[in-house]
Amino acid sequence: MAAIPTIMAASELYTKYARVWIPDAEEVWKSAELVKDYKQGDGVLRLQLEDGGEIEHKLDPQTKNLPHLRNPDILVGENDLTALSYLHEPAILHNLKVRFIDSKLIYTYCGIVLVAINPYESLPIYGSDIINAYSGQNMGDMDPHIFAVGEEAYKQMARDERNQSIIVSGESGAGKTVSAKYAMRYFATVSGSASENNVEEKVLASNPIMESIGNAKTTRNDNSSRFGKYIEIGFDRRFHIIGANMRTYLLEKSRVVFQADEERNYHIFYQLCASSHLPELKILKLRSADDFHYTNQGQNPVITGVDDAKEMSSTRHAFTLLGINESYQMGIFQILAAILHLGNVEVKDRDSDSSMIPPNNGHLTVFCELMGVTYQDMSHWLCHKKLKTATETYIKTIPKLQAINSRDALAKLIYAKLFNWIVDHVNHSLHATVKQHSFIGVLDIYGFETFEINSFEQFCINYANEKLQQQFNMHVFKLEQEEYLKEQIPWTLIDFYDNQPCINLIESKMGILDLLDEECKMPKGSDDSWAQKLYNTHLKTCALFEKPRMSNRAFIIQHFADKVEYQCDGFLEKNKDTVNEDQIHVLKASKLDLLVELFQDEKATTPTGAPAGKRVLSVKPDKGRPNQASKEHKKTVGLQFRNSLNLLMETLNATTPHYVRCIKPNDFKHAFTFDPKRAVQQLRACGVLETIRISAAGFPSRWTYQEFFSRYRVLMKQKDVLPDRKLTCKNVLEQLVQDQDKYQFGKTKIFFRAGQVAFLEKLRADKLRVACIRIQKTIRCWLARKKYLRMKKASITIQRYVRGHQARRLAKFMRRTRSAIIIQKYQRMYAERTRFKRKKAAALAMQCILRAYMARQHYKRLLRENKAVLIQKMVRGWLARQWYKRSLEALVYLQCCVRRMRARRELKKLKIEARSVEHFKKLNVGMENKIMQLQRRVDEQNKDNRAVNERLAGLENSHAIESEKMRKEVTRLRTAEEDAKTNANKVTSLLEELARLRLELKTTQSEKKVIEDWAETYRDEMEKMVSELKEQNGLLKNEKDDLNRMIKEQSQEMTEKMQRALQEETHQLETDLNEERSRYQNLLTEHLRLEERHDDLKESLSVNVPKPGHRRTDSTHSSNESESTYISEFAESEEGSRGGEDMTRGGDMSTFLKMQKRVTELEGEKHGLQNELDRREEQFQRARARDDEEHKKARGAELEYESLKRQELDSENKKLKHDLNEMRQLLGGNAGANTSAPGSPAYKVLLDQLNSSSEELEVRKEEVLILRSQLVSQKEAMQHKDEKETMTEPMAYAVDIHKMKDAGEITQAYMGLKDTNRLLESQLQTQRHSHDNEVEALRGELHGMKEENNRQQQLLAQNLQLPPEARIEASLQHEITRLTNENLDLMEQLEKQDKTVRKLKKQLKVFAKKIGELEGGQVESVSPGQTVDEPIRPVNIPRREKDFQGMLEYKKEDELKLVKNLILELKPRGVAVNLIPGLPAYILFMCLRHADYVNDDQRVRSLLTCTINSIKKILKKRGDDFETVSFWLSNTCRFLHCLKQYSGDDQFMKHNSTKQNDHCLSNFDLAEYRQVLSDLAIQIYQQLIKCMENILQPMIVSGMLEHETIQGVSGVKPTGLRKRTSSIADEGTYTLESILRQLSAFHSIMCQHGTDPELIKQVVKQQFYIIGAVTLNNLLLRKDMCSWSKGMQIRYNVSQLEEWLREKNLMNCGAKETLEPLIQAAQLLQVKKKTDEDAEAICSMCKALSTAQIVKVLNLYTPLNEFEERVSVTFIRTIQTRLRDRMESPQLLMDTKMIYPVTFPFNPSSLALETIQIPTSLNLNFLTRV
């Protein structure tokens, strides 16, 4: 533990705010903070807890030991516990808890020990990517991991050639088995096997077998190993796995017959029961596990998440893989099933001393059938035993309890034998066939155990742990001593705990085991007598041995971890481990061969007796001495275990150990839950605290001088800094630490006592704090002064402006006051004058009005008086007349009344007289009077008559005159009457007309009234309708604008959508294509590996020397062959294999034939994948064409949609216009009918409004027409474009025909001058004729196009008049017709072109045949003809190409010399510097051209095959040379491009010159060889990438992460024992400049070799991916690299890489995008990580990082000083919550082995072949230019 601080240190360290650890009952240790400084002599410390409460901590009055100090926060969470400044139990516990709970890190170093805490959760940290990341790394360079321990062991084995051991210990449930399994997986992955027997798979396959037969569920662990094992993994001299061997210890046999509650038997039993339904297992007669006594005692046969049937399948597969065939497997299953049936055999009491088994017991019958034994014998010996004396043998019955124990002992013995047999066969399967050079052992054994009741098993386990702890302590002590001696530190013995006394107590003479064996030999030995012997022997002599106070049958041993009390009951029986000998004899007589094989070593009888107790141990005997099997059987369990343990310790002492301590964090199997009590208990038991104590006793903290200087430079003054770092550190330490015993100076390091680093950290933090305060003070002063000066300047400015403003305000006020006075003066004057004028005018007006009023009143008065007089006159006259009339009427009325009264009276009298005589008298008297009166009247009448006659005479005269007049008048009247009669009819008609007119007038008036009412209503309605129309018109305008905008938006959206869909589909197709390419290229690599293995096997068969492969590093060569080459070589390999078989007759022909078959299959797969790749490319092209068509269709549909919209608007406007016209006509008619009617102006206004609305609608219609015309123009443009594209295809094809005709003319020129002239003339005529025909055809086409154009316009005009539906249908019909016609035309043209091509091919064959005939015999005759006819051939005179046609001729026997000089012995450096790029490729192609020219297919095939094989050979020989690989990659690509460029295919001839087209290959189609060369180029590219990766790999981590490009930004933290075992020699420090220089070297080499620019871009992209992936992977696995300053360093380094890309013009190659994950990780280290906004920003920023990577970086983030803060767990959970919906791979690391699929874009050369000169340095003088 940490040393107690001295008094001086205490006063300096235990100050206010210092944090300490105090004991706590619940949390073991609790953190607190000092409230006041500690002073010497204080007995109490006042502390404040983290929850705010204050307590007083009393110090021990005797020791005065102060509580442990807490480490600074900067050291919390360290990878190595020895890096802590204060090394004590609370610091270790807290560090482990922080790493486990907060950072989710389960591994931690503690010096040489790896502490592994079981997370009870599957973590993604054991994949192949993690293995690759740790492979080749130093142990301290990466975060703690079981793989780091495995890599350290592997490298030390390879470097020191010393065997290694990994010791995995811990209690049940701590994860020992899993850790050992992962360690073995690591060895199997990184080393590989040296043969094809898949040893590494067999080693891993042994795990499921051993787990099924040796693991069981306990209350602490669902998969607890109930035995210890030591697995030796053997390696050969090349450090490949060649085999393995397993040793087992302490199998818990008692679990076969007994299990506690909530526990299970061994897994294999439950797997068998779960698979009992299988047909092959029906004979076992198994049922559910609940039906068997040996599997149902725990009452919980199911493990959550485990499928026993599936596990059974895995176990059987593992058996098969390890060579245990089906018959043996069935034998194993029979024995296991028999054990289950044996447990169900019921034993009954016969009496108190005897027992019996009922006859025909079903389970015993099945047991006997499965075991092949007789029922009678087995049932007899289960209930009897044999006693032997000196002379006789007795058979004795045994009671029921002993019979049951005998049955259980038999079951345990059978299972133990079967277990050992399986282990032996596993070892036999894993046995190495060659000599083992070294091995790595993995020990998986129980940890220290202590329970409430401890028995013999715990005693043995703790004894083994005592031995292992002693070995561990000695090893730690030894390492400390070596470190001190290495650094030349004065060595003083460190007092550490030595547990040798405890070991002596157990194993020495008269020790516990010795006394136990002695007691077992006694006839009447018992546990009680043995206990008494222990008390008598050790109680007073050994301080480590104690006797319990309350028991005489137990003893206590003080182990290194704790005191353990052992109960003596059962020790003797478990140590004897006896079984009934007769039962063994019965089993030996079995018919089951496997059972007989299990007991074949049983030679001697064993003592009889039945064991008792809970657990019985079995120890596997030493295989080295099989002849002593009988003696081993007689040995006690304790003796066997002691011997096995001593053998194990000898093995471990002969190896270099590596320790893994597994810790169980809680007893409830809760994920990431930490119980401090349980953790401390295990830390004490596993030796971790002892390691810390040993380290703390010396100098635990170690710094290199440079690290110390970098860290504590702030504590030095400038004058203290010297050029010598060591001297500087010494001077500074002497000043800082007065006690020189607290540190020591070594050769390369400074060693500190415990607590000194914390003291230095405190000084550094104080210095930084003071500096920060000073900086803050200065900055605040500067800020305050700047603020004051700004305020002063601002106040002066404000004052100036305020005063100026006030002065201006005063002047303005004065001006305003003066102006106001003047204004007031004039205003008052104006007001007074105005008032005077107003008063004067008012007075005059009043006078005028008054006078006028008075005059009017006087006039009115006079007028009234006059009128009154007149009225009076009139009234008085009227009144007088009225009075007169009334008087007259009254008088008349009175007279009448009087007269009536008188008449009535007279009448009354007459009536009376009439009744009397007097009456008649009176009547006569009256008659006389009347007669007299009548006579008088007659006289008067006569007078009157005479007067009348006189008058009549006068009248007659006058009448005659008048008659004459009247006669004339009658005549006139008769005339007038006739006229009147005539006019009478007119009058009648006029009257009728008048009546009718009157009637019409009435009707018209009524109608007028109705119309007026209707017009009024209609006017209101029309006004309302007009307003509505205006509104609707406005809405239509808005809708039209919206529609136009929507159409535009939809057009843009549809365009963008189509483009996006096209891009997505294109991206998906490209992704699929890249995946297919990647699969094809990976298969190509596998094919190459198998080819190399095939070649190696051929060589091994011919030489009979095996050459195993090396699987630790990937293959560095790749090659491929053409089909013909492969077939030929396959035939040769078959011949060679047959020859080798005849020679060796012992070769491994099966492997060879399997390899041949595999090569054949891979070749077929390769061709299948190639076809698939071609098919995918065709699909890609078709999909792209289909996308273009769909885009056009979509555009057409979009235009149709716009057309429909505009048609709808047009129809709406027409309808509105029609309605308005009707209303206007109606109103116009009404107005015309009633022009004189009132209200016509309203009608006019209404009509005006309607006219304006119609005009507005006309404007809208014109706009619609404009839009429609634009739509039509767009459609026509698209149609013309399609027609133009359709037309250009046949024209281009015609051009190709002309080229072919020109080629035919050039070929025909070889026949001679005359033939040439004739042919030229004929060709010229033909050309003329064809030209004329073409002109005519073009004219016809032009005319047809014009007609088609006119027809299209007519159709378009017709379509525009149709309704929308008919218009669309007509357009489609027209388009179908047009396309059909075009297709027919194209088919006709295609047929014509096919005929032309066939005709030209026939001509070419004829010409080639004639050339072949004339080449030999007519060369000489042609030359004179040429000279004679030369003036006639002006065409060929100036052509120099005739001298050299770009071909090289060579002899067949010179082919090997050509390949040797041009490929095998060529130095790339000289060619790259002095010659043109790609020269070897050009020369080879020119030779190939000549072979094609002479039509020699054998030479072509031979040259290509030789070239390919030679390139493969040189790459196999010098594949690790980047320059060579780059050179041949460039030349292979150039050769491939030449084959394409001169192939004659139109797609490759677009950029050729005329002469280059003349040089095309004429006889052979080399498309298949182009594919072979493409495959070869892919293999060379992959080889180039691997070569480049091997060069860059050592530089990346050092240059990108470790090296400080920006000096002084990164801090250095204490590192403990990290990098303590440097596994490789120091190769120097790489920097970023080293990487950039190497990248520049790669780039310059490729440019010098003429590598295609596109290929260079792909190489650079791959380089940057490797850099980014390796850097990010190391960042994710190194906690010390995850800091803010390191993020700045990384971003700066990435910027330098981007600058390099800009300098090389490679920014668009995609390399920058490959660094995006690294850039985002660096940004993640630098951004704020506190609030939810920060979490949202991180989620949106880190798109290229997976959720696991983001969380890992946040968990690993480590502050380098106290001014930074850690990332809280809450923030990390927030990030996880926000990112949980991401669909991504759970893989943590990037795949550094991933290679992007490579493509070779066609890159034609402009270099003319005839201009190439061959340098003499190539030694190719045997080549002849043609």
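Each Cβ is built from the backbone N, Cα and C atoms, and glycine gets one as well.
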(request) Tell me which range among 254-276, 645-667, 691-713, 1726-1748 TrEMBL lists as region 'Actin-binding'. (result) 645-667
(request) Give the sequence-ordered set of same-chain residues, not counting Gly170, Glu171, Ser172, Gly173, Ala174, Gly175, Lys176, Thr177, with Cβ within 8 Å of the centre of the Cβ atoms defining the ATP site. (result) Asn118, Asn221, Ser224, Ser225, Gly447, Cys662, Lys664
(request) Kindly state the mean pLDDT of the region 'Actin-binding' (645-667) in the predicted structure. (result) 89
(request) Could you put numbers on the helix, strand and coil content of the region 'Actin-binding' (645-667), residue by residue per DSSP? (result) 9 helix, 8 strand, 6 coil
(message) Cβ atoms within 10 Å, counted per site: which of Gly170, Gly173, Gly175 has the most, among these binding-site residues?
(response) Gly170
(request) Would you mind ranking the binding-site residues Ser172, Thr177 by how many other Cβ atoms sit within 10 Å of each Cβ and giving me the lowest? (result) Ser172
(request) State the count of C-beta atoms found within 10 angstroms of the C-beta of Lys176 (ATP binding site), not counting that atom itself. (result) 27
(message) Long-range neighbours only, meaning 6 or more apart in sequence with Cβ under 8 Å: which ones does Glu171 (ATP binding site) have?
(response) Arg220, Tyr446, Gly447, Phe448, Glu449, Cys662, Lys664, Gln682, Ala685
(request) Give the sequence-ordered list of residues that share a chain with Ala174 (ATP binding site), lie 6 or more positions from it, and have CB atoms under 8 Å from its CB. (result) Ala116, Asn118, Gly447, Cys662, Ile663, Lys664, Gln682
